[in-house]
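Student: Got a structure for you, questions after.
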Amino acid sequence: MRRNVSDHAEKKDKVGVEVLLELPKTLSKSNKKWQLALIKLYCSRTLLNCAKHAIRKPGLFPRSLSYTAIDLDHHHGDDHFKIDTETLNDLVKNKNQEKLESLGGPNGLVSALKSNTRLGINEEGDEIQRRRSTFGSNTYTRQPSKGLFHFVVEAFKDLTILILLGCATLSLGFGIKEHGLKEGWYDGGSIFVAVFLVVAVSAVSNFRQNRQFDKLSKVSSNIKIDVVRNGRRQEISIFDIVVGDIVCLNIGDQVPADGVFVEGHLLHVDESSMTGESDHVEVSLTGNTFLFSGTKIADGFGKMAVTSVGMNTAWGQMMSHISRDTNEQTPLQSRLDKLTSSIGKVGLLVAFLVLLVLLIRYFTGTTKDESGNREYNGKTTKSDEIVNAVVKMVAAAVTIIVVAIPEGLPLAVTLTLAYSMKRMMKDNAMVRKLSACETMGSATVICTDKTGTLTLNQMKVTDFWFGLESGKASSVSQRVVELFHQGVAMNTTGSVFKAKAGTEYEFSGSPTEKAILSWAVEELEMGMEKVIEEHDVVHVEGFNSEKKRSGVLMKKKGVNTENNVVHWKGAAEKILAMCSTFCDGSGVVREMKEDDKIQFEKIIQSMAAKSLRCIAFAYSEDNEDNKKLKEEKLSLLGIIGIKDPCRPGVKKAVEDCQFAGVNIKMITGDNIFTARAIAVECGILTPEDEMNSEAVLEGEKFRNYTQEERLEKVERIKVMARSSPFDKLLMVKCLKELGHVVAVTGDGTNDAPALKEADIGLSMGIQGTEVAKESSDIVILDDNFASVATVLKWGRCVYNNIQKFIQFQLTVNVAALVINFVAAVSAGDVPLTAVQLLWVNLIMDTLGALALATEKPTNDLMKKKPIGRVAPLITNIMWRNLLAQAFYQISVLLVLQFRGRSIFNVTEKVKNTLIFNTFVLCQVFNEFNARSLEKKNVFKGLHKNRLFIGIIVVTVVLQVVMVEFLKRFADTERLNLGQWGVCIAIAAASWPIGWLVKSVPVPERHFFSYLKWKKRS
């Protein structure tokens, strides 16, 4: 039956071809070309169909040792890789070990992905793009950021805004009913316009800051990953990872995608971000081989083959349902919220009293209209007029609340933080937590690492000793050189790459590893690939920051376990303590006598005194095939000295911090002699400190002190050598207990506890692990201590800018409240209308905040003492300045309120316009005074802040428009040049007053102590 069907299909195809071949004879020339194309297409399909039927016929092809059957009906895009996306996704998500084995294990999977465990992906052509198209990119779909409309809605949730809108609606309705649409819409419409303007400015400002924080969030998630491509180890963005990539993993790294383990030693993974379990999971070729995106490497090192990226990973699917929280509230914002609430309560009380007084005066008939007639005449007054009058009073009272509540304070903090974060990125500091910006300004102690932070991290081997002799490799026996080759090539996490003959070598790994590899290749003529190919690794003990060493148990390929060799590498004095013999230059193993040991110690000390990092190599034959590496009775191969020069400018940065009252402490893993030499070179240790025996000590000694001894000595310690991450944590805790605000730098995974414990954690962007970065508040992108000093300056600038704005806004709040209250009680009316007060509110909250929040840091900030943990937010200096200016403004404006008409011989409306205009101009001139809390010269550096100048110009222009051209909207009257001159003169008087007031000394004891720094939780 099957044969008949097949024959029938063949006959049918044959007939179809014959018919098509006859068709061109009956067609016109214009259609023949199209018909021929159709024939070609039909023939192609027919031939393929015939081939398919032929292949299916049993017995047609005799079985051979190797044959391939092609199913043309089931072609997929990822057949090029011999495995489909669904299979790959299922592999890791479900830890499908059975499926992995069916693919031939990790090596078979890598082959199916057209990759290589040693060489990685071949990048030639469009291979990377093909993988991205087939398997997807390593990016996550996140919840969309908040749009502008969201912030508009948030602004309208403000109760005072809603009350004002209600008042505006009633005022609009009664105005139109009483005066008609043409004349009656002004009062209510003006309030509507003013409210919508305030809402629009607030929403746009918050929207822009949110976008800014989103951008910074994206930058912080763009981490660098080590991969192998074309046999070359290189660093790429996590977003550029593709399926098939061979990723190199070390302690502290984040796993960038889902994948399988292909090689490595003692790899332990922290999967708590995925499973919630705190226990580390071991990953190996014989057990669990699966690695999840988003997890962290807790110990060991290795390589993984990427199987799924982006949204195909379990982490990606989880992240797609999580929205970024950009509403993080800093400690300062919390304090300002409390301040705003306290002032708001005062404003509410004043507004209630004003409303009460206005209502009493209205209903007792003491208020009069513009014609001099009583506004309320008992039963003869229409109900509409009464309601309209009451609505105006309520609007005035509510507007007083709007002005009284310093809502601009949180906005000022947001603006300052957003501006500072953007500028700090240019200064090589990426802020991860907003609170760090302001807290850094209070820092009293900075605990810094040495390597890469104070030094260039450009290491080079400058000294080497073979036995007790210093010399060149050419004078050393071949046996010693071979042992060095083994000890360097097999006991490293770095790699060597050379693309083709004639090109330079490329070294990867930590700076120390690269220096050692470079020395071994160039001086000892080590062929790393050859050494690796000739030997097998039996067991590895990775570098330990406590023991300061790493080791490997290895053997030659094809040789029994009796020829195992242990190689150790690490801190010279630590390795020396493990040795009982040493190799001399000729390769003879000699017993290490006490005199020899003393001589080696002197060699180490002499190199350390030259600021060299001393690394020793030792070995021993080990016939036992066990996992515990031999740690005693080793033979010392040699000692090398690695030079890591101080960074240019680091001494100046240290001096700047010390001049600013910030104590610098260096915490390093180097020996005490190297640490002392570097500290002197960097300016951390002064000649006086060198005479102090307590200024420099080792971590073990500090660790062994009692808690009372540590607290008593910690402030005098300048350098801690041979320290562990636990020692750093101990020091941070002690300093915090003494009341210090502590900043700590760190780059390793083990630094995470100290970074979290510190008030400000500063991780290194180049050498720092992902664990360290995630535990920190700020990432120093260039690993430079000078950038740490810059962060300190920016921290002080943030705090200083916010204090400037607080002083400026509270001056306005006090003046506006007093003027309206006194006028309402005495005259039964408020000189500043709802629209005018909303305009003042706009000037203060947005334009004023923008002008004062974007001041750049000055060197004067580094001449002050640290703010500390208990400093009040509003200082005595600020109280002096704001009360003096507020008193002046209140005095002048009350004179205008009660004597303005007689002094200037003007109408009531012109008098009120004079009050409004003078009040606004006073704030403009007072913004200059607010630029400096202490300095008399408020114009210094003004030309550098174009934004400030621009805002002042815009404010003045808009004020002129409000007074001269929007008189119906703003309820003002036009002023002549003389009246403008009077307003400007009164406002300008705030400059000399500010100059004089700053000459008045203030007591050191604070007027108020309820606004204090609290410890960061």
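The backbone N, Cα and C atoms fix where each Cβ goes, and this holds for glycine too.
Pasting the relevant annotations from Swiss-Prot:
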| type | residues | note |
| --- | --- | --- |
| TOPO_DOM | 1-147 | topological domain 'Cytoplasmic' |
| MOD_RES | M1 | N-acetylmethionine |
| REGION | 20-31 | region 'Interaction with calmodulin' |
| TRANSMEM | 148-168 | transmembrane segment |
| TOPO_DOM | 169-186 | topological domain 'Lumenal' |
| TRANSMEM | 187-207 | transmembrane segment |
| TOPO_DOM | 208-336 | topological domain 'Cytoplasmic' |
| TRANSMEM | 337-356 | transmembrane segment |
| TOPO_DOM | 357-393 | topological domain 'Lumenal' |
| TRANSMEM | 394-411 | transmembrane segment |
| TOPO_DOM | 412-802 | topological domain 'Cytoplasmic' |
| ACT_SITE | D449 | active site, 4-aspartylphosphate intermediate |
| BINDING | D747, D751 | Mg(2+) binding site |
| TRANSMEM | 803-821 | transmembrane segment |
| TOPO_DOM | 822-832 | topological domain 'Lumenal' |
| TRANSMEM | 833-853 | transmembrane segment |
| TOPO_DOM | 854-873 | topological domain 'Cytoplasmic' |
| TRANSMEM | 874-896 | transmembrane segment |
| TOPO_DOM | 897-905 | topological domain 'Lumenal' |
| TRANSMEM | 906-926 | transmembrane segment |
| TOPO_DOM | 927-944 | topological domain 'Cytoplasmic' |
| TRANSMEM | 945-966 | transmembrane segment |
| TOPO_DOM | 967-976 | topological domain 'Lumenal' |
| TRANSMEM | 977-998 | transmembrane segment |
| TOPO_DOM | 999-1002 | topological domain 'Cytoplasmic' |
Student: Rounded to the nearest angstrom, how far is the Cα of the residue listed as 'active site, 4-aspartylphosphate intermediate' from the Cα of D751 (Mg(2+) binding site)?
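Tutor: Cα-Cα distance, D751 (Mg(2+) binding site) to the residue listed as 'active site, 4-aspartylphosphate intermediate': 10 Å.
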Student: At a 10 Å cut-off from the C-beta of D449 (active site, 4-aspartylphosphate intermediate), count the other C-beta atoms across all protein chains.
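Tutor: The answer is 25 other Cβ atoms.
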Student: Select the most exposed residue of D747, D751, where exposure means the fewest other Cβ atoms within 10 Å, treating these as the binding-site residues.
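Tutor: With the binding-site residues D747, D751, fewest surrounding Cβ atoms within 10 Å: D747.
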Student: May I ask you to check whether the transmembrane segment (833-853) and the transmembrane segment (945-966) make contact, with contact taken as at least three Cβ pairs under 8 Å and only pairs 6 or more apart in sequence counted?
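Tutor: In this chain the transmembrane segment (833-853) contacts the transmembrane segment (945-966) - 3 or more Cβ pairs sit under 8 Å.
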Student: Is the topological domain 'Cytoplasmic' (854-873) packed against any residues at least 6 beyond its ends, judged by a Cβ distance under 8 Å, and which are they?
Tutor: 332, 335-336, 339, 415-416, 419, 423, 441-444, 656-657, 659-662, 739-741, 792-794, 796-797, 799-801, 803-804, 806, 931, 935, 941, 944-945, 947-948, 1006, 1008-1015
Student: Taking just the CA atoms, what is the gap between D747 (Mg(2+) binding site) and D449 (active site, 4-aspartylphosphate intermediate) in Å?
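Tutor: Distance between the two Cα atoms comes out at 8 Å.
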Student: What residues in the same chain, six or more past the boundaries of the transmembrane segment (945-966), come closer than 8 Å to it by Cβ-Cβ distance?
Tutor: 839, 843, 847-848, 850-852, 854-856, 913, 916-917, 920-921, 924, 927, 931, 972, 974-975
Student: What residues in the same chain, six or more past the boundaries of the transmembrane segment (803-821), come closer than 8 Å to it by Cβ-Cβ distance?
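Tutor: Same-chain contacts beyond the flanks: 336, 339, 343, 346-347, 350, 353-354, 396, 400, 403-404, 406, 408-409, 412, 416, 830-832, 837, 840, 844-845, 848-849, 852-853, 855, 873-875, 878, 881-883, 885-886, 889-890, 893-894, 897, 915, 919, 922-923, 926-927, 930-933.
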Student: Within the topological domain 'Cytoplasmic' (999-1002), how many residues are helix, strand or coil going by DSSP?
Tutor: 0 helix, 0 strand, 4 coil
Student: What same-chain residues lie close to the topological domain 'Lumenal' (897-905): Cβ under 8 Å, and 6 or more beyond its ends?
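Tutor: The answer is 819, 822-823, 826-827, 831, 911, 914-915, 979, 982.
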Student: Counting by DSSP, what is the helix, strand and coil composition of the topological domain 'Lumenal' (357-393)?
Tutor: 21 helix, 2 strand, 14 coil
Student: Compute the average pLDDT of the predicted model within the topological domain 'Lumenal' (169-186).
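Tutor: Mean pLDDT, the topological domain 'Lumenal' (169-186): 68.
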Student: Give the three-state DSSP assignment (helix, strand or coil) for D751 (Mg(2+) binding site).
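Tutor: Note: D751 (Mg(2+) binding site) is helical by DSSP.
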Student: In the topological domain 'Cytoplasmic' (927-944), how many residues does DSSP call helix, how many strand, and how many coil?
Tutor: 7 helix, 0 strand, 11 coil
Student: For the topological domain 'Lumenal' (967-976), what are the same-chain contacts with Cβ under 8 Å, counting residues 6+ beyond its ends?
Tutor: 186-187, 189-190, 193, 833, 835-836, 839, 907, 909-910, 912-914, 916-917, 983
